[in-house]
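Structure record follows, encoded as structure tokens.
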Amino acid sequence: MRMVSPVLSLRGVTKRFGGLVAVNGMDFDVTEHEVLGLIGPNGSGKSTTLNLISGALMPSEGTISLRGAPITHLAAQDIARKGVARTFQLVRLLPSMTVLENVKAGAVFGHRRRWGTEANAQAQALMEQVGLAGRGHLKVGQLTYIDTKRVELARALAGDPKVLLLDEWLAGLNPTELEEGIALIRRLRDEGRTVILVEHVMDAIRSLCDRCVVMASGTKIAEGAVADVLADPEVIRAYLGDDDD
Amino acid sequence: MRLTAKNWQGLALTAVLLGVAACLPLLTTAYWLTIGVTIALYTVLATSWALFSGPTHYISLATAAFFGVGTYTTGLGIEHLPYWVLPPLAGLIGAALAALVGLATLRLSGVYFVIFTLGLAEFIRQIITWGQTVSGTKGIYVLTSITEAHIYWQLLGLAGLVWLLGWLIGRSRLGFALRIIGDDEEVARHSGIHTARAKVLLFMVPGAFAAITGAVLAPRYVYIEPILAFTPMLSFQVVIMALLGGTGRLWGPVVGVIPFTFLWEGISASVPNQTTLLLGVAFLVIVYVLPRGFVGLIEDARARVNRAEGYA
């Protein structure tokens, strides 16, 4: 097997909130062009893990590195500038701004910073890519639910991140939208983006992820190819014993 | 930097209006010149206040603190330095003080920031009062040959400078960053914006301008006391005027300053003992009835006209 150096690595990452251990000794790597699924029952620590990577929370222990350089204790804005972009579990858009301006926020301040016509061109290109062409002038309050998700995705992509973190990006979509959403993320995968996907939708996990890390009660209980991991008895027990999602 | 025809129109219109306003001292009586100084004074203070508080929604009540520091810069410096050095010096001191306050407080949000900025003016006033008690002096005399017209012209120049700076900030990355911060600070951080740095940088603008304004106004007072230089009423009036006009546009605050100045003249003359009460009532009325200020009214009306024309 060819050795590939990971884009993002977690080693022994732990987060405690008082007595509660939300994430316990997480270890995993994401390699370039890989879509890694981070799955597990509700409350298993998936979103907390994303928050630790993106700098919304600071780990209590362990190290997180981006292309070998530690980012463990950096502030969220510095992690974003180094190339980690994210979406939020509950969509967060900039309500006073247009669709174009929302996407431009990512192009102007992300990993690769642009300004003026270059930033506008980048925002336009991404709006087209996620299926928002011609809607740049709308206020975000006028959008349908899936379109708000598209805006958030375009904003995250606009700064050319090295790693994209998607926190339940497909949650809450109706069946038609879900199909569109999966197709959209598959395109990101085909473009060779590096993505960590926190997701509950099993169909999406099967069709999108190269590999999966399964969490339960803050700990990694399985890691590997999607089919193997989903057949793992411990994983089945974790899901059935806790949450039947 | 490429300017559109609309930019040139805006710049030209501003220059012409400032030019016309500059003729006031040549044409009218002392009474109207006094009104002119008041309008110019609050235009500078409210516009620079809105540059920071408009996009970020942090309500700063520190205007009086910076203004008082500027007044005292002139008061204490006038015997040692030429007058023209003092307003720029006050600006530097005001900006530095704003940076310190910003670093200490802008990580806090909402109500904590408001309370801290309100307390700041009182804190500095107490320090100066204490200093005067210790040294045995009471107030300071500022005796210069500077006339009301000179002060008025300086304030108009400052107003032009605030507008120019605000316009440049609005077109800059910093301006865009602040709008993002005002909408959602968490998104701003995760998009790669150094939110604390952006806020501190912009907070230095009203800090500097309020201090310069204080330095320019000092000769008008002749005799400076802490209670006069650091009056909290000033901070509240600036907030009310800026909100009345609207903080969403650069020209918003001045649209609030002009009617409010006349209203205030009337109130102070007819019911001098109830001014604070009426100021509070005015604040409530503005927040409830005109949340976006006159700017909101004007823009809604304009949108209605455009729509009506669209249907015609």
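The backbone N, Cα and C atoms fix where each Cβ goes, and this holds for glycine too.
Range annotated as transmembrane segment by TrEMBL, chosen from B:151-170, B:171-190: B:151-170. Counting residues 6+ beyond its ends, the transmembrane segment (B:200-221) has Cβ neighbours under 8 Å at 37, 41, 44-45, 48-49, 51-53, 55-56, 58, 60, 62-63, 66-75, 78, 83, 86-95, 97-99, 101-103, 106, 142, 144, 146, 148, 151, 154-155, 158, 162, 165, 169, 174, 178, 228-229 in the same chain. The stretches the transmembrane segment (B:111-131) and the transmembrane segment (B:227-244) are in mutual contact, each linked to the other by at least three Cβ pairs under 8 Å (pairs 6 or more apart in sequence). For the transmembrane segment (B:251-271), the partner stretch with the highest count of Cβ pairs under 8 angstroms, out of B:31-52, B:84-104, B:151-170, B:277-298, is B:31-52.
Per-stretch counts of Cβ pairs under 8 Å to the transmembrane segment (B:151-170) identify B:31-52 as the leading one among B:31-52, B:84-104, B:227-244.
With a cut-off of 8 Å between Cβ atoms, the residues of this chain six or more beyond the transmembrane segment (B:84-104) that come close are 62, 65-66, 69-70, 73-74, 77-78, 116-117, 120, 154, 196, 199-200, 203-212, 214-216.
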